[in-house]
């Protein structure tokens, strides 16, 4: 089974199975309750305080979108303060009247210091509304000087109002300074915290900005879209910034054998992944069961193929390099195989020149060139270059129209681009060429299901569910079919049956760690059984200690439990296993969100609800 992270099947078009991380090709499975195939994955990062979307981890954005759905177009009644821009200062423009208060127009001796401070503030508010910000600043400064030092709340308001005026003049340093004064006086002052967050953004103080906006999100109960959007923005920037530096110096890491086998299982028309032919092996050791056969020719490529059959993957790149350096008989095959393993270890920059060369070799087998185009196209999609990706897939279809892999992988690309009808047409083309290719049939059914589910079309949903039943009956050895069916069953709240489907996956592929993660998440959503869920995710790590999905999921759950230190440790482990800069940026955003929550808890004692 080409099991992947809990993302929609579409996401697999841009990732190797089980990773979501920049390996070309791949036929990944969606996990339970995902919804992330249509959502940017870094939205998972701000998991602070929002409800846990069990089975997906995308707590933050789910919380936001759920409120949108509940609003049902009710406008301001939605509960999301979309237009709450916090531009105006606080307090009324005219002074409040009451016992012992005059109209605030003069310096009456009968007025207390606080009264005079309020009068100065109100005068400043009038100037502010008139766009006379320098005069407003003078009035707010007067209010600050007049206000008794023990009047913390009033004094904090004056500082915040002056910060608002400085903001209009784009004096960001002064904005941050005044907001800091306001927060020191009133630590849970949302308006001052948010204004300081915006100032930090302008000053390029991303870490400080994130801490402030995190506090705001918690204090507002995730009800203000403006603050959530700022948090999302800064998390993306921080993630990309951190990943860019880290990725340069990362150590390439070969994934697990199960991961590699799952990856190659998504190709059926691929020369380099086919078993060695009789003529490529000698007969010397054919009677020795369990021992590798000697390669007949002195060929680096054929030795690499032998190592593939032995699952001795670490030696493949070096053997391919020998074939290429010698310009041997299998140079084109060696270039493609080396590029594929560069992709698998997360070295896309090293893979691209090899893929380019294979594509340009007009004399090379068309199957090799088409396969190289598929992998380069998928790599482009992972690098957020959909136009280049589409061009490569279309070229592959043009030069090798009978290649089922082209349509299978292009179908996944189309799903990622939200072109479901075109995706289904591609899956149909693949199935016509390879009627027994279960993976394509399962993914077509899942595409139809997601389309019906999103459109809330119950009759089509039921038709898709029936289609899954037919697929697992027709292809009982296809773990992918069970996994995708489990996703659909989870959506339909049929948890018991979904659990049975994951058990089928485990029976078929006991070494596939991602299935244990999916099953663990299901226990949380179904039975709220945290211990069982964590036990299964821990089992996944035991089976495959290179399963970054397991570490990421464990970290996300620990965030919800309030165990920030452990969560950060899990995210860091996942970061070290990431195979693309984009995947690494996403994981850094998770880690940064956890760090920010830790700091907010220390500074302000703010802790969102935990599991």
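Here the Cβ of each residue, glycine as well, is placed from N, Cα and C on the backbone.
Annotated in Swiss-Prot:
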CROSSLNK  278  SUMO2 cross-link
MOD_RES   2  N-acetylalanine
MOD_RES   94  phosphoserine
MOD_RES   99  phosphoserine
MOD_RES   105  phosphoserine
MOD_RES   108  phosphoserine
MOD_RES   113  phosphoserine
MOD_RES   188  N6-acetyllysine
REGION    69-110  region 'Disordered'
REPEAT    117-150  repeat 'TPR 1'
REPEAT    156-189  repeat 'TPR 2'
REPEAT    297-330  repeat 'TPR 3'
REPEAT    332-365  repeat 'TPR 4'
REPEAT    370-403  repeat 'TPR 5'
REPEAT    404-437  repeat 'TPR 6'
REPEAT    445-478  repeat 'TPR 7'
REPEAT    479-512  repeat 'TPR 8'
REPEAT    514-547  repeat 'TPR 9'
REPEAT    548-581  repeat 'TPR 10'
TOPO_DOM  2-41  topological domain 'Mitochondrial intermembrane'
TOPO_DOM  63-611  topological domain 'Cytoplasmic'
TRANSMEM  42-62  transmembrane segment
Secondary structure content, the repeat 'TPR 9' (514-547) (per DSSP, counts of residues): 28 helix, 0 strand, 6 coil
Inter-residue Cα distance where the pair is residue 188 (N6-acetyllysine) and residue 113 (phosphoserine), in Å: 25
Per-residue pLDDT averaged over the repeat 'TPR 5' (370-403), given as an integer: 96
Segment proximity, the repeat 'TPR 3' (297-330) to the repeat 'TPR 2' (156-189), 3 or more C-beta pairs under 8 Å: no
CB within-chain contacts under 8 A for the residue listed as 'N6-acetyllysine', separation at least 6: 219, 604, 606
Secondary structure content, the repeat 'TPR 6' (404-437) (per DSSP, counts of residues): 27 helix, 0 strand, 7 coil
Three-state secondary structure, residue 113 (phosphoserine) (per DSSP): helix
Cβ neighbour count within 10 Å of residue 113 (phosphoserine): 12
